[in-house]
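Okay, structure first, notes after.
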Amino acid sequence: MAATTTIPLLLLLLLAATVAAAAAAAELSVYHNVHPSSPSPLESIIALARDDDARLLFLSSKAATAGVSSAPVASGQAPPSYVVRAGLGSPSQQLLLALDTSADATWAHCSPCGTCPSSSLFAPANSSSYASLPCSSSWCPLFQGQACPAPQGGDAAPPATTTLPTCAFSKPFADASFQAALASDTLRLGRDAIPNYTFGCVSSVTGPTTNMPRQGLLGLGRGPMALLSQAGSLYNGVFSYCLPSYRSYYFSGSLRLGAGGGQPRSVRYTPMLRNPHRSSLYYVNVTGLSVGRAWVKVPAGSFAFDAATGAGTVVDSGTVITRWTAPVYAALREEFRRQVAAPSGYTSLGAFDTCFNTDEVAAGGAPAVTVHMDGGVDLALPMENTLIHSSATPLACLAMAEAPQNVNSVVNVIANLQQQNIRVVFDAANSRVGFAKESCN
């Protein structure tokens, strides 16, 4: 009798394990991509943030004509901060792809390419599942590819036997531009395989390649070209990441794909807003900031979302340090300085303008900064996300800054330094963004 009951019990346990495995989110390691020469976190962040202006210009640009959607294929930015290991082709060829939550398209440097930034290229000729997509493909306009040539001799359409040219497109990226062909192949992320994934196969780069991803980019935006859209029901419109700290470039975080058991239960969600002019971006509605227990007094409407002007707050993986619009940052800085009360005052260093001598401030004297959002989300930033210390001198800086004056100064950006060691969940299916504390180093 015992043996009879044991067999069904084992079957139930196996079934439960199978269901749990199917429900669990796929998980990939997230690595630091850039290793600055300075061992000091402060100096490292200053070096990485020098190219934030180009990224902010990209995020704040908007379609000039109402009703015209701008779908970014390639973003202007610094060297990407984080990368994941992915497989492309059959058999799979391993690539390190930059994470970009504000771009839709995935692209890879392909062989042959004499001007690409790395000699380790994806080789289409070695993949049995690779296919070039013609100019007539419905994907071509989404990638802003070249239209098919006009029919010859006044024919309404080319003969059925005519081979149409491959969809080709070129896009700027940072200080360079690249030329690519539209293609499809099997994309492998962890244990998951996504067949016929549409991407750009880069064949040449014009200009300096210092700030380009070495092997390619994974588009995690909200548009039809992005991972969530192309994966369909596989991930149910959900992904999350936990970014590792800049304190060590040997730390790694994780990217979780899908709505399964891998996503935290303690997450708190705020509504995700949509800007039709920049439909790829993840906007959230910030309602206020507090320093310690004091609310920061900002002008009315400072955080208001406005699709026409692009105003609002974007959660972005590619910007290094959080930027607030001028009136918001001025009020935040004033309250922070008031509470720290550094005897020798404050100095500027790089993008930071609130640096002080830590020997003059009592331990624990720096207050925490909390970002308040719709839905009752109070994102209390860990101290390492608020204050950056120098390892060489007794110096620390408030790790935020004012938006540069040469860009659309109405956009606030919650950047990756402030997101480190926080699980950020992007649930596009339910139009919400979630946050939960997590040590992901």
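Glycine too: its Cβ is placed from the backbone N, Cα and C atoms.
Keep in mind it's a predicted model, so treat the numbers as computed, not measured.
Residues or ranges marked as active site in TrEMBL: Asp100, Asp316. What TrEMBL records for 82-436 is domain 'Peptidase A1'. For 1-24, the entry in TrEMBL reads signal peptide.
Confidence across the domain 'Peptidase A1' (82-436), taken as the mean pLDDT and rounded to a whole number, stands at 91. Of all Cβ atoms in the shown protein chains, 28 besides its own fall within 10 Å of the Cβ of Asp100 (active site). Calculated from their C-alpha atoms, the gap between Asp100 (active site) and Asp316 (active site) amounts to 8 Å. Counting every protein chain shown, 26 other Cβ atoms lie within 10 Å of the Cβ of Asp316 (active site).
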